[in-house]
Amino acid sequence: MPSGTSQCEDGSAGGFQHLDMHSEKRQLEKGPSGDKDRVWIRPDTPSRCTWQLGRAMADSPHYHTVLTKSPKILPDILRKIGNTPMVRINKISKNAGLKCELLAKCEFFNAGGSVKDRISLRMIEDAERAGNLKPGDTIIEPTSGNTGIGLALAAAVKGYRCIIVMPEKMSMEKVDVLRALGAEIVRTPTNARFDSPESHVGVAWRLKNEIPNSHILDQYRNASNPLAHYDDTAEEILQQCDGKLDMLVASAGTGGTITGIARKLKEKCPGCKIIGVDPEGSILAEPEELNQTEQTAYEVEGIGYDFIPTVLDRAVVDKWFKSNDEDSFAFARMLIAQEGLLCGGSSGSAMAVAVKAARELQEGQRCVVILPDSVRNYMSKFLSDKWMLQKGFMKEELSVKRPWWWRLRVQELSLSAPLTVLPTVTCEDTIAILREKGFDQAPVVNESGAILGMVTLGNMLSSLLAGKVRPSDEVCKVLYKQFKPIHLTDTLGTLSHILEMDHFALVVHEQIQSRDQAWSGVVGGPTDCSNGMSSKQQMVFGVVTAIDLLNFVAAREQTQT
């Protein structure tokens with residue numbers, strides 16, 4: 001059935017990959033040279049799933065669940081997972097000029113606030129049923145946050161210890177909810193590749209190898225992920241639509257949601273077109289040409305990856321669309337303001353694509369959109385006008401009265417040449433240099449001057465005190481990459497918004513370099529390119545703080561009086 005099913009070596013259909021201990025040992029990988037002690041399983045291992053369209057349910061190797069009605073009094077909050085409402089989208093559909101009926105499956109009505117509650121409960125209960133997860137054990141999971149919340153919720157009810165490993169990009173609201181549920185949280189660098197030991201996947205596996213009786217339920221490979229949607233979510237959709245739908249639109253992260261739903265719809269409603277949504281900067285979409293972009297980072301959380309998760313079956317997706325941050329957040333805000341649906345950013349991604357894809361549908365046809373999570377996790381992000389302005393996703397109202405300096409350019413500031421640090425300098429030496437020069441932070445650049453990240457005194461000292469690095473370690477191990485770049489042509493008003501949230505902003509300019517002369521963002525070596533192609537590199541011009549802005553305003557006001 002759904003992807004992630006292991007195929008035993010004798011050819012018979014096996015169980016879940018993460019629960020098949022013999023299979024897991026076969027798949028364990030040693031790290032590359034220089035990292036020989038690392039033991040882990042890749043989240044993009046080729047799927048050995050035996051699902052085929054038209055195959056009888058009786059031939060499935062899996063345990064399957066059947067939809068049941070909710071009792072009047074729930075035994076615990078875990079029974080409030082599933083049976084989410086289907087809601088008609090009225091204003092957005094009308095404004096987009098759609099002829100078809102547009103419906104939203106509102107997954108933020110699950111107990112933990114997202115579609116990931118379904119797979120979290122299913123993975124735990126399947127592991128318990130198989131005898132692999134026992135009282136007193138520890139659950140570890142690398143996640144963008146929502147799966148972590150679902151697991152922490154179930155762990156709180158069932159009494160398991162829960163450790164969640166998530167990238168720094170993810171919102172503080174998610175961190176606060178996880179802490180409230182009793183989970184332990186480990187943050188990892190957002191820009192770390194998935195196969196890096198520093199990534200959320202790599203750190204989770206290191207913890208598993210260190211903590212006795214711990215388990216990575218592994219949403220990227222676990223068949224319980226798409227099975228939860230094959231057995232439940234898809235059946236709910238079919239029941240709510242009386243078996244009649246012509247298009248389904250869903251975003252993809254691990255791919256479990258779209259895979260599980262699509263497989264069931266291919267069986268029960270073969271005429272339904274499956275539309276996949278993948279953010280620009282991710283590589284999940286097909287054909288591969290769709291993924292070609294210079295963009296590598298995006299703000300929408302919970303969707304897209306730099307690898308193809310095992311559970312994602314791209315063969316059941318009829319067409320992929322790429323989404324972008326600006327449209328995603330605009331449509332998420334529209335869903336809230338016009339439809340009253342308190343959803344998150346990835347819901348906006350799905351809806352932005354839906355209004356494009358559904359234009360081909362006619363009157364009497366129906367399109368269903370999956371809205372994955374709630375706005376609760378993003379109160380300080382896209383729900384905030386300041387955040388949207390700072391990120392460039394909103395334009396300021398020209399009619400709003402602003403200070404005299406608001407629309408002046410950053411180039412008006414008298415910025416001195418910045419202190420920069422090479423990635424090979426030690427933490428100990430960097431701290432000494434910063435203290436000697438009286439700086440709190442400095443850009444870290446490679447040999448060609450391209451920005452790799454920032455290093456701050458606070459970040460280095462906290463990492464040293466926590467034992468994450470040693471004084472003799474290179475400063476590249478404590479890079480801070482969530483800095484806010486700003487250009488000389490940006491306004492001081494834009495700078496002001498950034499400084500309301502951060503202690504500094506990095507003033508950058510772009511320089512075109514020949515790739516056979518440039519150094520890569522990977523510290524320590526030149527780019528392996530000989531085709532003479534050119535690329536844009538961000539070069540540091542200066543570092544600006546709130547004090548710099550205040551001094552400029554005060555000095556100008558003195559000269560004007």
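A Cβ is built for glycine as well, from the same backbone N, Cα and C atoms used for every other residue.
Sequence annotations record features per position, and here Swiss-Prot assigns heme binding site to CYS49, HIS62.
Spatially close to LYS116 (N6-(pyridoxal phosphate)lysine) yet at least six residues away along the chain are THR143, ASN146, THR147, ILE149, GLY150, GLN219, PRO372, ASP373, judged by Cβ distances under 8 angstroms. Per Swiss-Prot, the feature N6-(pyridoxal phosphate)lysine maps to LYS116; the stated evidence is similarity to another entry.
Among the features that Swiss-Prot reports, pyridoxal 5'-phosphate binding site is placed at ASN146, GLY253, THR254, GLY255, GLY256, THR257, SER346. Mapped onto three states, the DSSP output places GLY255 (pyridoxal 5'-phosphate binding site) in coil. Around GLY255 (pyridoxal 5'-phosphate binding site), taking its Cβ as the centre, 31 other Cβ atoms fall within 10 Å, counting all chains.
Taking Cβ-Cβ distances under 8 Å and a sequence gap of 6 or more within the same chain, the neighbours of SER196 (phosphoserine) are GLY202. Look at Swiss-Prot and you will find SER196 tagged as phosphoserine, backed by similarity to another entry.
The 10 Å shell around the Cβ of LYS208 (SUMO cross-link) contains 18 further Cβ atoms across the protein chains shown. Per Swiss-Prot, SUMO cross-link is recorded for LYS208, and the stated evidence type is similarity to another entry.
On the 0 to 100 pLDDT scale, the domain 'CBS' (414-474) averages 87 in the predicted structure. Here Swiss-Prot flags 414-474 as domain 'CBS', drawing on sequence analysis.
By neighbour count, meaning other C-beta atoms within 10 Å, the densest spot among the binding-site residues GLY253, GLY256 is GLY256.
Maximum C-alpha to C-alpha distance over the listed pyridoxal 5'-phosphate-binding residues ASN146, GLY253, THR254, GLY255, GLY256, THR257, SER346 is 15 Å. Under DSSP, CYS49 (heme binding site) is assigned to coil, being neither helix nor strand in the three-state scheme. A Cβ within 8 Å of the Cβ centre of ASN146, GLY253, THR254, GLY255, GLY256, THR257, SER346, the residues given for pyridoxal 5'-phosphate, is found for these other residues of the same chain: VAL115, LYS116, GLN219, SER251, ALA252, ILE258, GLY302, ILE303, PRO372. The two recorded residues, LYS208 (SUMO cross-link) and THR254 (pyridoxal 5'-phosphate binding site), have Cα atoms 20 Å apart.
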